[in-house]
Each structure stands twice: as C-alpha cells, then as structure tokens.
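Participant: Below, the features straight out of Swiss-Prot:
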type	residues	note
REGION	1-141	region 'Disordered'
COMPBIAS	14-44	compositional bias 'Pro residues'
COMPBIAS	67-109	compositional bias 'Pro residues'
TRANSMEM	160-180	transmembrane segment
TRANSMEM	192-212	transmembrane segment
TRANSMEM	223-243	transmembrane segment
TRANSMEM	248-268	transmembrane segment
TRANSMEM	278-298	transmembrane segment
TRANSMEM	302-322	transmembrane segment
TRANSMEM	341-361	transmembrane segment
Amino acid sequence: MSHEKSFLVSGDSYPPPNPGYPGGPQPSMAPYPGAPYPQAPFQPSPYGQPGYPQGPSPYPQGGYPQGPYPPGGYPQGPYPPGGYPQGPYPPGGYPQGPYPQSPFPPNPYGQPQAFPAQDPGSPHHGNYHEEGPPSYYDNQDFPATNWDDKSIRQAFIRKVFLVLTLQLSVTLSTVAVFTFVGEVKGFVRENVWTYYVSYAIFFVSLIVLSCCGDFRRKHPWNLVALSILTVSLSYMVGMIASFYNTEAVIMAVGITTTVCFTVVIFSMQTRYDFTSCVGVLLVSVVVLILFAILCIFIRSRVLEIVYASLGALLFTCFLAVDTQLLLGNKQLSLSPEEYVFAALNLYTDIINIFLYILTIIGRAKE
C-alpha cells in the first residue's frame, strides 16, 4: 500500500505527514491536490512510516489547524538535539503544565548523588556483617589456633606421658620377670616359636595404628589396639633380654633411662627444629635396614656393634623429633586427638634404643 493511501480518511481534511529521518536529502514533493493547507515535503522511512523530526521544523509555529480544535493545539516546535523539549507548554497544551525537574542538582556525568546517611541500627548499614553471628570455625572444639592455648597443649602432653608411663611399666615388669625368674627364662628359651607369634601380633597392631587414622582416633578401640601392641612387644623384649646376662640387662635399662630423659629435656629447651629433619631420618632408616641385611650374611662382632651403635643414634634422633611433634612449637606438630599415635611413637623409640644398647653391651662383654 502506498504512503499516500495510508493517510486517507473519507470526507476529512488530513494533515501533512511528518518529515523523514535527519541527515538525508529532503526531496520536494508536490502538495496533495485539493488540500486547503500547504504540505511539507517528506522522505519515507525504510519501513514505510514517517520518521521523527530532528532539527528545525518547516511547519508553522502555530501548529496544524484542525477545525474545531483550539488554536493552541499540540505544538510541533523544533526539537533540540538532546531529545524531547523540557520547556513550558502553551496555554492550550497539556493541563499538567511544565514537567517537574529532578530534585538532584544537575550532574555533568549523569551519576546520581550519594545516599543519605543511614541509621546504624538499620539492617542495611555497613557494619551489619561485622556484628553477625560468629563463623563455623569459631565454634569448633579444636579451632585452628588451638596450639596457642596452653591448657589444651598441657592436657595433651599429660595424657600422652600417662599412656607412655603405663606402657613402659608393663614392659619393664615383663623384662624383670623374664630376667630374674629362672623358670620363665627357661620356658621362653625352649619355646622360641612364641617369639614369632608375638612378633606377628605386634606387626599387625603397628600397621593398624600407623596407617588407619580414623581407627586410632576412635575410643576405646584405639586403646585396645595399643594395649595389644604393648603386651606383644613387651613379650618380645622380655624374651630377647632372657638371652643376655642379668648385669647387661640392668645396665641397658639404666643407660636407656638416662638417654631418654636427656633427649626429652633437650628437645623441650633447644631452639633447633628437629622436625625439619624427618626426611633425612627416613632415608637413614632405609640405610640401616640394608646394613642389617649385610650383618646377617657377614657374622662379625665388630660389625654388629657398629650396627647397634648406628641404630641407637638414629632412634635417639627419632625420639627428639617425636618429642617436638608432641610439644607442637616447631614446624610440624601433632593434633590433640592423636595422643595414641604420639604415645606409640615415643614408646617404640624408647624400646628400640633399649634393644640397641643391650646389643652393644652384650656383644662388648662376649
């Protein structure tokens, strides 16, 4: 349908169409025939509809006379480049009058003004999140800074040393019975197979407590497994001590006690961090195992004394490391829940030191 037919109304005078888009040429067109009013040239838009005027309008300032409409009509004055006019309307225009302006002062960058200050008690105040409930980590039984609390640390140390004292008491009693009671000493010497049974029980208990973290923290099963390990290892130590001279056993117990107390006190007082040497100690254990295999094939009293001396020195270093892990004031530390694991480490260190010292004394007296 052509542009002219879209504006035809039967028996009525029609106003001229609006001009086209700005920026393009304004072709002249002949006025409509028979029209009593002058027509303005226009350029059709791409969609067949008249565009919005921008720039000076060619129409008369008084608007289009529409018969019975008031002379004021709807003015179609020139539009400013910025958009719609904001000035006051003529008397015959809209009854609202001039549009109200924004209460904020004009801002050249178009940014709104800052919001007025709010009441601190309002939920939208800036300090609302600072006054909220504490975080989840503040309500834990063992927060991230639990080692800073001396009471927790001291309670953990007391529990570990209490368990260790009970273990050493059982072992010392077993060694005393196997050393001073002749009937028991004769029985264990004749039944060597009991040593291998106790060694198998000890090995299984050691693997369970060392590798199963959830199990060794589960009460009371952790204490049950630790008790089984203590009894089996005590039987092994007592059986080994029964093959040595009574004087050698007493000397080994005394030297072990002195060495352990000295190392523990030194580890508590020194500033040197032994926990940073764990990797070196693990490599040394591998070397010591290879040395032990060599001693099996090469039967030499001197070689066995050297092997026992290196083993005693190595587990003395392990005792220092485990003591500092217990104290928790170095690079590495144990959790307060690991009291069974801490007691196990200290106990095995002391027993190995005793066995190596007993080997040194026994081989030296031969």
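Using N, Cα and C of the backbone, Cβ positions are placed for all residues, glycine too.
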Participant: Could you tell me whether the transmembrane segment (341-361) and the transmembrane segment (192-212) have 3+ CB pairs under 8 A, leaving out pairs under 6 positions apart?
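Facilitator: These two stretches do touch.
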Participant: Could you name the stretch, out of 160-180, 223-243, 248-268, with the greatest number of CB pairs under 8 A to the transmembrane segment (302-322)?
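Facilitator: Top-ranked stretch among 160-180, 223-243, 248-268: 248-268.
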